[in-house]
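**Q** Here it is, the structure, as structure tokens.
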Amino acid sequence: MALLPVGIRFIISFSRDQWYRAFIFMLTFLLYASFHLSRKPISIVKGELHKQCTAGDGPESPFSDPSSSTRHGPTHWLLNNETDCGWAPFDKNNYQQLLGALDYAFLCAYAIGMYLSGIIGERLPIRYYLTFGMLASGAFTALFGLGYFYNIHSLGFYVVTQIINGLVQTTGWPSVVTCLSNWFGKGRRGLIMGIWNSHTSVGNILGSLIAGYWVSTCWGLSFIVPGAIVAAMGIVCFLFLIEHPKDVKCSSTLPTHPRASENGINRFRLQKQTTYSEKNGPLGVIEFSLCLLFAKLVSYTFLFWLPLYITSVDHLDAKKAGELSTLFDVGGIFGGILAGVISDRLEKRASTCGLMLLLAAPTLYVFSSVSRMGLEATIAMLLLSGALVSGPYALITTAVSADLGTHKSLKGNSHALSTVTAIIDGTGSV
């Protein structure tokens, strides 16, 4: 009898359950990465919506030295209400408030919608709910970009588009976290979700590169292409997402190793952890929600404003600034995985988050000074800041949310996980 090929032997070495879990892991990873892919273009395009002008002819960057403005020529009016100061209405002196209004519109709608989304998500099939959200998000992301092609200069148009997009994007996070938690038990949850949560950074990186490719030539495509990708992934979601292992007759938990529980120390740790969880589980939702409020504040400041900051401080064009900003997300990938590994080993998720946030505080303080010393210093600080900020952010929104959402006080109601996740992430968005 001939020996089976190496590839076939590799395939059959995994059980049916393991293949399904790997598939759901990758599918939900790609689904939510596409959400973040569509959020990133606005930060890349800000440098094109508003360009630095001469002090006497246009607005001055809040990040640059006053003397640096003299290197720009005077404002010249171009066709279609576009000037070399940017795209109307964002070429005005109050451009900071106008660009900030786009972020505020999105995040305010996202925060409010997230509280409602968790409740709605409990009552609808995840596959249908998530598919609708992705198709709608793709449509409104693309609609923002159509403002370029149809020569739209109304602030209200862009603000309303951001508001609706923020609302429909709330369908994503509770859905994917609930689905993944259904497939993976508590064993090594920190590591598994730390790796899985890198989809936010991967999505941000891809969004930066895609938006940056067109930002200087045709910024409308910086939104239309990501919008088309999100909508296409919505169709993939409808065709392939499996909400629960029981739907395909798979086991609902990962295989456990009985010998581990025979160890007295491990048994003591488990009992201690269970006692703490039983006592503080419901209150933990409030504590971690408030913790995420401050962590996400920093993370989304970088998400929406980092490319424009780099453009002003390092005097790079919008495309290069967008590419450089991806280093913050590269650091976030390693930070999320590191936080997951440490929290699994120590069995202390709160302590892990607290330590990383304490280290992040002085790092962010130093960032503004060190980043002005040159490109190399900026790169190093972006990687370090990304790891320390995104680590606890990733841990709270994934493993911690899943732990609290499957608390025994919920009496096995897996759908309640959607609400718990939405409460924590919604508070962070505030």
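Backbone N, Cα and C atoms are what each Cβ position is placed from, and that goes for glycine too.
From a predicted model like this one, the values you see are computed outputs, not experimental measurements.
According to TrEMBL, the record shows the following:
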TRANSMEM  19-37  transmembrane segment
DOMAIN    27-430  domain 'Major facilitator superfamily (MFS) profile'
REGION    53-72  region 'Disordered'
TRANSMEM  98-116  transmembrane segment
TRANSMEM  128-150  transmembrane segment
TRANSMEM  156-184  transmembrane segment
TRANSMEM  196-215  transmembrane segment
TRANSMEM  221-242  transmembrane segment
TRANSMEM  285-306  transmembrane segment
TRANSMEM  326-343  transmembrane segment
TRANSMEM  350-367  transmembrane segment
TRANSMEM  379-402  transmembrane segment
**Q** Against which stretches of its own chain does the transmembrane segment (19-37) lie, if we need a Cβ under 8 Å and a gap of at least six residues from its ends?
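**A** For the transmembrane segment (19-37), the list is 130, 134, 137, 169, 172-173, 176, 179-180, 183-184, 192, 196, 199-200, 202-204, 206-207, 210, 226, 229-230, 233, 236-237, 240-242, 245, 248, 250, 254.
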**Q** Mind pulling out the one from 98-116, 156-184, 196-215, 326-343, 350-367 with the most Cβ pairs under 8 angstroms to the transmembrane segment (221-242)?
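**A** So the stretch in question is 196-215.
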**Q** Should anything in the same chain at least six residues away from the transmembrane segment (379-402) have a Cβ under 8 Å from its Cβ atoms, list it; otherwise answer none.
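**A** For the transmembrane segment (379-402), the list is 173, 177, 180-181, 186, 189-190, 193-194, 196-198, 200-201, 284, 288, 291-292, 295-296, 298-299, 302, 324-325, 327-336, 338-340, 343, 349, 352-354, 356-357, 359-360, 363-364, 366-367, 370-371, 417, 420-421, 424-425, 428.
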**Q** Can you say which of 156-184, 285-306, 326-343 has the most Cβ pairs under 8 Å with the transmembrane segment (196-215)?
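**A** Ranked by Cβ pairs under 8 Å, first place goes to 326-343.
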**Q** Are there residues at least 6 beyond the ends of the transmembrane segment (98-116) whose Cβ is under 8 Å from a Cβ of it, and what are they?
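**A** The answer is 39, 42, 46, 49-50, 89-90, 92, 155, 158-160, 162-170, 173-174, 300, 304, 308, 422-423, 425-427, 429-430.
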**Q** Which stretch from 156-184, 285-306, 326-343, 350-367 shares the most C-beta pairs under 8 Å with the transmembrane segment (128-150)?
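**A** Maximum Cβ contact count belongs to 156-184.
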**Q** What same-chain residues lie close to the transmembrane segment (156-184): Cβ under 8 Å, and 6 or more beyond its ends?
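**A** Result: 20-21, 24-25, 28, 31-32, 35, 38-39, 42, 101-102, 105-110, 112-114, 116-118, 121, 126, 129-130, 132-134, 136-137, 140-141, 143-144, 147, 192-193, 196, 241, 243-245, 252, 254, 397-398, 401-402, 405-406, 414-415, 417-419, 421-422, 425-426.
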